[in-house]
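Novice: Marked as active site, involved in ionization of N3 of dUMP, leading to its activation by TrEMBL: C:R223. Annotation source TrEMBL lists FAD binding site at C:T89, C:R112, C:H113, C:R114, C:E120, C:D212, C:L213, C:H214, C:H218. As annotated by TrEMBL, dUMP binding site applies to C:Q109, C:W110, C:I111, C:R112, C:E120, C:Y121, C:S122, C:A123, C:R124, C:R196, C:R223.
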Protein chains: 4
Amino acid sequence: MPLSPDQQAEIEELRSQPQQTLRAVSPGMEAHLYHARPVLDHGFVRVVDYMGDDAAITQAARVSYGRGTKSVSNDEGLIRYLMRHWHSTPFEMCEIKLHVKLPVFVARQWIRHRTANVNEYSARYSILDREFYIPEADALAAQSTVNNQGRGAALTGEEAERVLRYLRDDAMRAYDHYEEMISTEGQDGLARELARMNLPANIYTQWYWKVDLHNLLHFLRLRADSHAQYEIRVYADAICEMVKDWVPFAYRAFEDYRMGGATLSAAGLECVRRMLKGEEVTQENSGMSKGEWREFQGLIG
Amino acid sequence: MPLSPDQQAEIEELRSQPQQTLRAVSPGMEAHLYHARPVLDHGFVRVVDYMGDDAAITQAARVSYGRGTKSVSNDEGLIRYLMRHWHSTPFEMCEIKLHVKLPVFVARQWIRHRTANVNEYSARYSILDREFYIPEADALAAQSTVNNQGRGAALTGEEAERVLRYLRDDAMRAYDHYEEMISTEGQDGLARELARMNLPANIYTQWYWKVDLHNLLHFLRLRADSHAQYEIRVYADAICEMVKDWVPFAYRAFEDYRMGGATLSAAGLECVRRMLKGEEVTQENSGMSKGEWREFQGLIG
Amino acid sequence: MPLSPDQQAEIEELRSQPQQTLRAVSPGMEAHLYHARPVLDHGFVRVVDYMGDDAAITQAARVSYGRGTKSVSNDEGLIRYLMRHWHSTPFEMCEIKLHVKLPVFVARQWIRHRTANVNEYSARYSILDREFYIPEADALAAQSTVNNQGRGAALTGEEAERVLRYLRDDAMRAYDHYEEMISTEGQDGLARELARMNLPANIYTQWYWKVDLHNLLHFLRLRADSHAQYEIRVYADAICEMVKDWVPFAYRAFEDYRMGGATLSAAGLECVRRMLKGEEVTQENSGMSKGEWREFQGLIG
Amino acid sequence: MPLSPDQQAEIEELRSQPQQTLRAVSPGMEAHLYHARPVLDHGFVRVVDYMGDDAAITQAARVSYGRGTKSVSNDEGLIRYLMRHWHSTPFEMCEIKLHVKLPVFVARQWIRHRTANVNEYSARYSILDREFYIPEADALAAQSTVNNQGRGAALTGEEAERVLRYLRDDAMRAYDHYEEMISTEGQDGLARELARMNLPANIYTQWYWKVDLHNLLHFLRLRADSHAQYEIRVYADAICEMVKDWVPFAYRAFEDYRMGGATLSAAGLECVRRMLKGEEVTQENSGMSKGEWREFQGLIG
């Protein structure tokens, strides 16, 4: 269970105290505030705060005085134009702040996106909880035989059981020893900044993560993608649901031009043109390597 | 006058429509929203949006679930501790979005602070207004004779008059020619992206500028400083007034530890220690160069 | 003439003093060092320093100990793979430092790319030279009638002459007054930080600009593009020539997958698939707006 | 041992092949190239590449054509001036690329410095080595009783032995299970991206880290400080030795104005002034909290 009853109560008390503001308000996003969305076995994502809405994007694009155009259809048209033509600065005018609880190995991937602000729970200062990510049966996958950094079918039977046993037992033992090492009963107690190094990478940590909409969409494009590791993709998917309600025009444009779109190389573009003229194009006369040709065929279906 | 009656009316309509939100609200900052604060002869700064308040800083510092400590004095104590020890990430959890109208030569200094988001009015796309910064009499200063990048006393008499005449006449003529060149009456009309290059650097531009509190305070430390050029300092001063009302604890800590504080070099620190022991310290036995000694003496009064 | 004889002599002296190094050396780039490549009427780009080469990209991708693979073909294959799949961090491992002389209005566009290091000549501290960009006849273009931020055909006849006369005369007059205002003969002399604001945006400035290869390629994709303003495109084109010699594999991959490639939207991709199956697709049944359809048709030729 | 004989041989072969270059060369830094400096029990830092030297800093500050002033003393004076007055952009004109092998918990602290480029060894793609950080006896410290995020005296006797046994045994067992889980002998083999999560935070990883001199000095000021965790401080100390030889003027200025210097608050500055006038100042009349006063007294010795 991601949140304790105390935490839940504290959050619910905050939910019951709306205040007045003159700022842009996104009704869709207000509904997400103070709701922690569960992810994996002990993790969650919750929106702590946000700045701006769809109209804030067009307002900045026009460097205008008021809230953008009167006409909603114009706002959406402009947002689609901006997305299509890679005008990224207006999307940077929206900001979101998330509170995320996630396994350390996911945090290590996530933090590679540097254009964001982060405050992580400090294991030098505080004691970590006994919470570890243990995959569900269908997420316990074999190494992919075609992709060096991917996974294949789910493990089964004894192999699956042994893996789960190792993951659980090693985590529990490591945590027992962690507690024992930092204990000050009858001993000095190891420094927390050292003891933490005994803990495996499936332990949960948490942080505040603040990012602008442009960089968030870039993160989502990479991490909500089918090539991303499952354990980070579920976080990205959960965030997608929030963004969809926060800035619906921007999110729809993002789906059309980024998530659902594709990039063709110069060679790929040339092949499409030749094929549309009725020419027979094969890998041999395509100007592409075998790998590229395979990817190209996957693309044009 | 910075705002036209139309713009003023549009802004005032928005002021009259408060909405409910579950986000952190800073009452001090709400009072600034939709008020354009005049700066220089045609410029202004106005807050368009903000995220967070003092409590949001401590909340992130504690990666806590609720609104920070119960006790306000604890919140201020923690904020002062964070500021004193250069823990910058909790301050990054607040964000502000400003709409600024400013002369181009000020914009060129401002943009050197790169950790911010910017949307500037496009002179490729749109036509600039006939608005130029012309200094007040007391800002019309001579080159400093001691500081290569500073200014001295105000110019007077004929010299001052001639300078003002040049600034005004050259700006008006340049703008007349700008208009004439882009006009399509009886001619093709020069591209706006070319015509703009005839305009001098005291013409006004405007932008949306979004920045986190940590980077904003860094900007203010440099630009609200007495060594900053007067024409950017007045913008920084205006923003200081807003930040003071937005995050009063953080702003007070900033004044005590950054604006009002000073950095001593290893040699300066050693000299202070020797002087406090009653030793006679001179430039010769201080280990400092003449320039450093002069700055040091200015510091310790 | 971009460089004075003195500057030329200083640079040439440095060219004649090669030194030994154990670092990665790019022979193609060494040939560019200390050659200022002229751009526009008074500008230039010159490489001051660089870090890394093609092998440095693969070395970082593999976090390897030595200089990458033995086989050159493998290096190129890996670089193409990295570019195709948007693995940007290995390209960030190469760095370039340029000295650029450019008109202020070009500098203002350029600086919008924030992930770079910049040192610009200070007009608060120093006196600017009397050098202004005046377009060649064929660059003196009319406002585009179809694109709000583009240009059309070249102006001709009297209109062209008048524009050139305005640009030249206004610049000369502004500079005369600039010199007169800062002069200390028989007067105090206006502060340089104020006097500079009388100068139009076609005056030349210069800076040192340092950027990693990934961000440089992003800059080139936007600025060497046909939609970029001509006056910045010529700088981007000049830099392309250098990059081609510096990291030939990376540059070729960039041409194939970025410059020569294209992004299809979800709707565009779907249309291509339908068309390849022999279906008749029109704007009406394409799911695209008229603007998108026009762009799509331009793409697939 | 940080490097295998093969790696050592590969590096040494590269050392024996100096090439000619026209770029700025730092003789002090050349001596470090291809020498892996051991840190902790299995870690190291080695310079892979660098850009610039002391003269490159002054060259950029002056936006000059050649290599800076003729006079070395002038270069040092300018560098000290730039450091003293927080003019950071010229220091950004130097760049360094390091290859670092370090425990994961150190890497997690390190990566919080975001203004750098990183390529880390991928445990999704590759198999990690059986190498774990086990502290030396004198680094096996108790939790500090005065500082929540610090450490006290070294543990001794049985307690120390038990900690070491836990750290070693848990690491070995976790690695045994890691190997067993990914093995494909007689089973499918768990995906590497999942198996890695069983490994504790004292396992070694490695990365290429590239950063400019300004941001590197900021990193060193925080991480070579006595308040930094010992296990990252030893890396910072090792890098300090390299920087000292790379840019001796800049490093000396850094020691005088940053590392050896101190920041006084407004209240602290006022107290120093009063004390120098002979006034008796106590915590009560200082305007400081007890914590601040204690830090202040530590400072003025």
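For all residues, glycine too, the Cβ spot is worked out from N, Cα and C.
Just tell me what is around each of these and how deep it sits.
Specialist: Non-local neighbourhood of C:R223 (active site, involved in ionization of N3 of dUMP, leading to its activation): C:Q109, C:W110, C:I232, C:R233, C:Y235, C:A236, each in the same chain, at least six residues away, with C-beta under 8 Å from its C-beta.
Within 10 Å of the C-beta atom of C:H218 (FAD binding site) sit 18 other C-beta atoms, taking all shown protein chains into account.
The Cβ of C:Q109 (dUMP binding site) has 20 neighbouring Cβ atoms from other residues within 10 Å, across all protein chains displayed.
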Novice: Please give the maximum pairwise Cα distance, in Å and rounded to a whole number, for the FAD-binding set C:T89, C:R112, C:H113, C:R114, C:E120, C:D212, C:L213, C:H214, C:H218.
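Specialist: Value for the max Cα separation, rounded to a whole number: 27 Å.
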Novice: Using Cα coordinates, what distance in whole Å links C:T89 (FAD binding site) and C:I111 (dUMP binding site)?
Specialist: 22
Novice: Suppose we draw a 10 Å sphere around the Cβ of C:I111 (dUMP binding site). How many other Cβ atoms does it contain, all chains included?
Specialist: 18
Novice: Could you state the CA-to-CA distance between C:H218 (FAD binding site) and C:I111 (dUMP binding site) to the nearest Å?
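Specialist: Checking the Cα atoms of C:H218 (FAD binding site) and C:I111 (dUMP binding site) gives a distance of 13 Å.
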Novice: Less than 8 Å, Cβ to Cβ, versus chain D; work out which of the binding-site residues C:Q109, C:I111, C:H113, C:R124, C:H218 satisfy that and list them by sequence.
Specialist: none
Novice: When each of the recorded positions C:T89, C:H113, C:L213, C:H218, C:R223 is checked against chain B, which show a C-beta distance below 8 angstroms?
Specialist: none
Novice: Rounded to a whole angstrom, what is the C-alpha distance between C:S122 (dUMP binding site) and C:H113 (FAD binding site)?
Specialist: 20
Novice: By the DSSP assignment reduced to helix, strand and coil, which category contains C:T89 (FAD binding site)?
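Specialist: Assignment for C:T89 (FAD binding site) reads helix.
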Novice: Roughly how many Å lie between the Cα atoms of C:R124 (dUMP binding site) and C:H113 (FAD binding site), rounded to a whole value?
Specialist: 23
Novice: Any same-chain residues 6+ apart from C:H113 (FAD binding site) with CB under 8 Å of its CB? Would you list them in sequence order, or say none?
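Specialist: Sequence-distant Cβ neighbours: C:V211, C:N215, C:H218, C:F219.
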